[in-house]
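Going by TrEMBL, these are the annotated features:
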- 20-163: domain 'Cupin type-1' (DOMAIN)
- Asn58, His63, Glu68: oxalate binding site (BINDING)
- His61, His63, Glu68, His108: Mn(2+) binding site (BINDING)
Amino acid sequence: MAVNADDFFKAAELDKPRNTKASKVGSNVTLINVMQLPGLNTLGISLARIDYAPLGENPPHTHPRATEILTVLEGTLYVGFVTSNPNQLFAKVLNKGDVFVFPQGLIHFQFNPDHYKPAVAIAGLSSQNPGVITIANAVFGSKPPISDDVLAKAFQVEKGTIDWLQAQFWENNHY
């Protein structure tokens, strides 16, 4: 197969705002990984633009194959990650120009606390194919579903609560 300059180029228009209104969580992730840009193959990097509506979030998720470094381009974000046992939260409020690192495999999130202004961030990831597991989608939206007996015991809630959560539409919203 012949390689050419187009394998290393993508007219992604990452400078353009993305629609966050269609998302239940109020964010839109535009990923540039090896699937969109073949020249990234074996290079161990990818990039994402994340747009956040006012009060929008990139919900708790993890990247099994990548560390993430996030830079706020516009607005304010409350961000954090949780370590493995003893489950300690490391969180900060970031403003324009601030940078935060999410270690590989740890659950992390970003939230725009502003009621009126959107926020924008760029994330670099240390894999050409970082993968993503959005926690709510995985736990409450798996096909087939995880038994409500298992989840009710794990979360120490009534089965009806689990049934309600499983009935919600859990959308993929991440890279």
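From the backbone N, Cα and C atoms, a Cβ is placed for every residue, glycine too.
Because the structure is a prediction, the values reported are computed rather than measured.
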Q.
Highest Cβ count within 10 Å among the binding-site residues Asn58, His61, His108: which residue is it?
A. Asn58
**Q.** For the domain 'Cupin type-1' (20-163), the number of residues DSSP places in helix, strand and coil
**A.** 22 helix, 58 strand, 64 coil
